Structure formats: structure tokens, C-alpha cells
Amino acid sequence: MEKFKGNKVVLVGNGAVGSSYAFAMLNQGACDEFVIIDLNEDKAKGDAMDLNHGVVYAPSPMQVKYGTYEDCHDASLIVICAGAAQKPGETRLDLVGKNMKIFKSIVDEIMKSGFDGIFLIATNPVDVLTYAVQKFSGLPENQVIGSGTILDTARFRHLLSQEFNVSPNSVHGYIIGEHGDSELAVWSGTNIAGNSLYDILNENPEKQKLIEEIFVNTRDAAYEIIKAKGATYYGVAMGLMRISKAILNNENVVLTVSAKLNGEYGHDDVYIGVPAIINRNGIREVLETPLNTEEKEKFAKSVETLKAIQTPFFS
């Protein structure tokens with residue numbers, strides 16, 4: 001689809017995830033102007049210079065610069081990757097207290113600029129912090145999006161593709177719920193090239209035992225990567241890039257993001273990972289993918305987990 005002209009993206013937080021996202025943006029050429037905001041001014045300026053030197057080989061012209069919160073006033077999209085890092089052995093939800101304070105100050109500064117675009121949140125715990133950004137900013141719910149389970153879904157599709165020796169693009173299935181320990185796989189709706197996974201397993205019963213392993217490996221992938229190299233950033237950066245392109249190119253594509261529920265799935269007042277249609281206005285619509293009884297129960301528990309975390313801050 002045609003790219004809207006005058007696209008401006010602001011990145012807040014130029015750490016491992018943020019800088020990986022910036023590099024992905026340069027390689028995919030989805031915006032015209034890219035601004036980096038970070039407390040470490042020298043690194044942000046250095047990255048802007050480094051990225052600009054690669055523009056000549058990028059698919060489209062893009063201006064990259066270091067900036068301040070004043071640059072947010074005419075941005076189409078602000079991507080927040082700032083916050084305290086997740087440490088080995090620490091769950092995403094352990095981070096909430098530290099990052100809530102950081103986010104309040106960031107969002108206040110952004111809104112002072114007159115910003116009225118779309119927020120895309122990546123910092124963990126992403127569902128709770130996306131909820132916080134909507135509350136802090138006062139923007140309409142459709143204009144505040146979290147990365148949600150977009151990476152979990154990608155991991156899920158990758159692992160299934162490896163097991164069945166097909167392209168991940170031919171694997172269709174979702175991880176929904178909290179981006180964290182209470183997430184769940186929608187096994188009942190998973191298919192490979194239109195063939196129900198349940199039907200495939202009936203024909204290949206020897207693979208049945210591998211299914212739970214695939215989910216566990218999907219859910220716990222971040223912990224394994226953090227143990228090995230200290231942080232995850234390439235995968236989530238690509239997920240952020242996919243959401244960004246859906247917004248900037250007005251794609252109306254379905255992605256599993258953290259979206260606000262208002263009665264969908266029988267729940268409300270929570271941001272959580274669900275399939276949603278994404279376009280230039282942000283979240284056009286939350287889609288209610290069919291769930292079986294067990295999946296509904298697990299999803300309800302995931303909602304409870306997130307509400308228990310956010311309630312002390314927004315009761």
C-alpha cells in the first residue's frame with residue numbers, strides 16, 4: 001500500500017531494543033524522518049550519525065537526527081523503548097514499579113509538545129505500561145498500542161514451522177494474553193496452510209507430545225535468551241517494525257498487539273495481547289478469535305494477572 005508522505009517517527013529510549021528498531025527502520029525505509037531521544041545524548045547523536053551514513057544504501061531517503069521532546073509535536077508515531085532493563089531471573093511484572101515512574105515523566109514531556117499521534121510501547125511489562133500511557137496521556141484508546149504478544153506469536157510460528165518443516169508464513173496461530181508467564185496459545189485456531197493443527201496431530205500422534213514443549217519454549221524463550229546474552233532485542237525490534245509499517249502504511253492488517261478491551265472476550269479495562277486490525281489510526285478494531293473453554297479460562301486468568309498489577313496504581 002502507498003506510504004503516507006510526511007511520516008515522522010520518534011524513538012524514546014536508544015538502548016539495545018531502541019537502536020535495533022532504528023536499524024530495522026533504516027533498512028525498511030518506512031518513514032521520512034526519524035528522531036532519537038535518549039538520556040545518553042552522546043550515544044543518541046552517535047547513532048544518528050552512524051545511521052545517516054547508511055541512508056545511501058537504504059530503500060528510501062530518511063533523515064535521522066538526535067532530538068528532544070519538542071520534536072514530538074508533529075510526529076505520526078512515537079515508539080517508547082525506554083525504561084529499566086529486565087535482569088536475569090526477574091519477570092516482566094517485577095519491573096512495573098520502576099518503569100511506571102519513568103513513563104509518567106516521559107509521557108508528561110511528550111504531551112506538553114502537543115503530540116496527537118500514535119504511541120507504540122515496547123517496555124516491559126508492556127501490557128501494564130501501555131495501559132499507563134493511555135491514562136497518563138489522555139489520548140483515545142486506539143492511539144495507544146503495546147507490542148503485546150507480537151513477538152510471542154512470531155516465536156510460536158517459528159517453532160511450529162521448524163517442527164513441521166514449512167515456512168513460518170504458512171503457519172497461522174496466535175499467542176494471546178499477557179506478554180509474559182500467563183500467556184496462552186490458541187491451539188484450537190492454529191492451522192498450517194489451512195489444515196487444522198488438531199487434524200494434523202490426529203494423523204501424526206507421535207508429534208502430540210511436542211506441542212506442549214513448543215508452547216513452553218515459546219513462553220520461556222526470553223528467559224533463555226537473557227541468560228545467554230543479557231537481553232532480547234532483535235526479535236522485538238522486528239515486531240515493532242512490523243507494527244510501525246502497518247500504522248504508517250495504513251495496512252489494515254491483523255497483528256497480535258496489546259489493545260484495550262471494552263467487552264471483547266468478556267473483559268474490559270485492561271490492555272492485553274489480542275489480534276487487532278492495525279492502520280493509520282492505530283487500532284481499528286479488536287478481533288475476537290474463537291476460544292475453547294480451556295482457552296477462555298486461561299485468558300481470564302491472564303486478565304486477572306494484569307489487573308492485579310495495575311490496580312494499585314490506577315484504583
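Backbone N, Cα and C define each Cβ position, glycine as well.
In Swiss-Prot, the NAD(+) site is described by D38, K43, Y69, G83, A84, S105, A122, T123, N124, S147, and among V17, V56, V166 the residue recorded at this site is V17. Recorded residues V126 (substrate binding site) and S147 (NAD(+) binding site) have their alpha carbons 7 Å apart, per Cα-Cα distance. A Cα-Cα distance of 16 Å separates Y223 (phosphotyrosine) from A154 (substrate binding site). For the NAD(+) site, whose annotated binding residues are V17, D38, K43, Y69, G83, A84, S105, A122, T123, N124, S147, the maximal Cα to Cα separation is 25 Å.
Between the binding-site residues S105, S147, T232, S147 has the most other Cβ atoms inside 10 Å of its own Cβ, all protein chains included. Least packed by the Cβ count within 10 Å, out of the recorded positions K43, H179, is K43. In sequence order, the recorded positions near G83 (NAD(+) binding site) (Cα within 10 Å of its Cα) amount to none of D152, A154, R157, H172, H179, T232. Of the listed binding-site residues R157, H172, the Cβ environment within 10 Å is emptiest of other Cβ atoms at H172.
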